[in-house]
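Contents: one structure, followed by commentary.
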């Protein structure tokens, strides 16, 4: 809780410059701001965004136990490689945290991002992903162990005593890692490879953020609030092309720099005010981008052509500075700008006492927004296989969005929803993701214009089938469904569909041995549900019997059998008038354009 007395000193002190520009305002809170701030913090606590003392203690115990394990692991490797007894005694590894836990904004059940820093003779490929992996696999406390060595930032994911852990590894150019190792020192980057730099930078960026904001406590409360908002509004996911934890942290930190004396209730309002007017792709930066003799590539669109293609650059403050939001596409940027507009209007209403804070955090009813969707269903032989297969497919969904935008010249826009869904009536391991589809707004199109995305989906499936660890039973089905055909299991308990449809009835007959519907049944069941899809049957011949709604609905091994087919999704003309944001009271602001209003960026 913030009092006016606690801010009077900071407001009177000499102004300090934060960031790359002067502050937009040095104003502190009014009495009304303090009241709104108290109401906001009360709402956050009632929403159970803070973990209990017991869970905090469990996390600390898990981290202590994990550090013991990696220390023993390094000593074991040192002894096996014939080093002296003194070297074995001195051998060391440490665990450092980053992400939401490091920033102090994690909530109940959140995972803990951790980095193991080890000596130069302990490598990632064999020592970390094989030897340490096998050690963890033998432990009763460890479950759901999933190594991802080929990720952009190689990681091992698992649960330790029920606490979700993401563990990275960095081998630094030292024989002995000191207990007081300073990860923010630039010398840690000497003689290390790119994956190690990326692994180290998570911690380095978190530390820099906390150093570059005027008030760390206000920053943390505001970030906790905006992360909650982003999850409620369906725009929290780096992997699907929205923004992840570090991206939201950097955006919030910049607002804190622009309004150094503001309290969280003010900062939330200013966040939406600033970013509805931001002229992307102008970058968000907390400090100047620094070059260094180490020679690592830094974000610079003047020198690097690839950097010019970024749509929403949010630059990390630690060397080497990178764009943390390279996953954002034109479609996902459009969705986020829509949500910023809605958030801005709601905050204006809160400041005018026309609304209360809960209105800002209303759920986004994704399945009421669009008339057409793509359903991506993922199945596997067992739960462990599904965990690995799902992670791979989810990491490629962004590519499907980009390919559809590319192949339709941006005319068909995709909105990938970051949440996964499970049909509890099916006994087989599976999950499903959905994408909303609509024509690009404000562009004239011919009546009845069709979008042929069969080849696009086939290409996506071909890419997915290249999964190194693919095993029999790992399948993916991509289908086009209309809003009235959305399966009932995606809706939360107690939610009443506004227009129930008989098409959402779950199929129960002719299931395969694992309880999943076979591709043949999918085809036959949906043959009569082809109203929104047109198939060029004159070129398909016998393949015309394939249901057009199941676009590419075959296992990866059978993709080639669909070559030559052509399926077209027909978005009806009325889709141009889609509701922009469901789940928000019907206000005229919902129809605002997301185009730039011409104001200069801050």
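One is the number of the first residue shown, and numbering goes on along the chain from there.
Using the three backbone atoms N, Cα and C, a Cβ is placed for every residue, glycine included.
Nobody curates TrEMBL annotations by hand; they come from automatic prediction.
Marked as compositional bias 'Low complexity' by TrEMBL: 1-13 (among others).
According to TrEMBL, the region 'Disordered' annotation covers 1-31 (among others).
The domain 'Poly(A) polymerase nucleotidyltransferase' feature in TrEMBL is assigned to 19-213.
Annotation comment: TrEMBL describes 40-72 as coiled coil.
The feature domain 'Poly(A) polymerase central' is assigned by TrEMBL to 218-362.
Here TrEMBL flags 366-423 (among others) as domain 'Poly(A) polymerase RNA-binding'. Within the domain 'Poly(A) polymerase RNA-binding' (366-423), the DSSP-based counts of helix, strand and coil residues read 28 helix, 14 strand, 16 coil.
Averaged over the domain 'Poly(A) polymerase RNA-binding' (430-499), the predicted model has a pLDDT of 84. Positions annotated as domain 'Poly(A) polymerase RNA-binding' by TrEMBL: 430-499 (among others).
What TrEMBL lists as region 'Disordered' is 491-567 (among others).
Sequence annotations record features per position, and here TrEMBL assigns compositional bias 'Basic and acidic residues' to 508-541.
Among the features that TrEMBL reports, compositional bias 'Low complexity' is placed at 558-567 (among others).
Taken from TrEMBL, the feature region 'Disordered' applies to 581-602 (among others).
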DSSP residue counts for the domain 'Poly(A) polymerase central' (218-362), split into helix, strand and coil: 73 helix, 6 strand, 66 coil
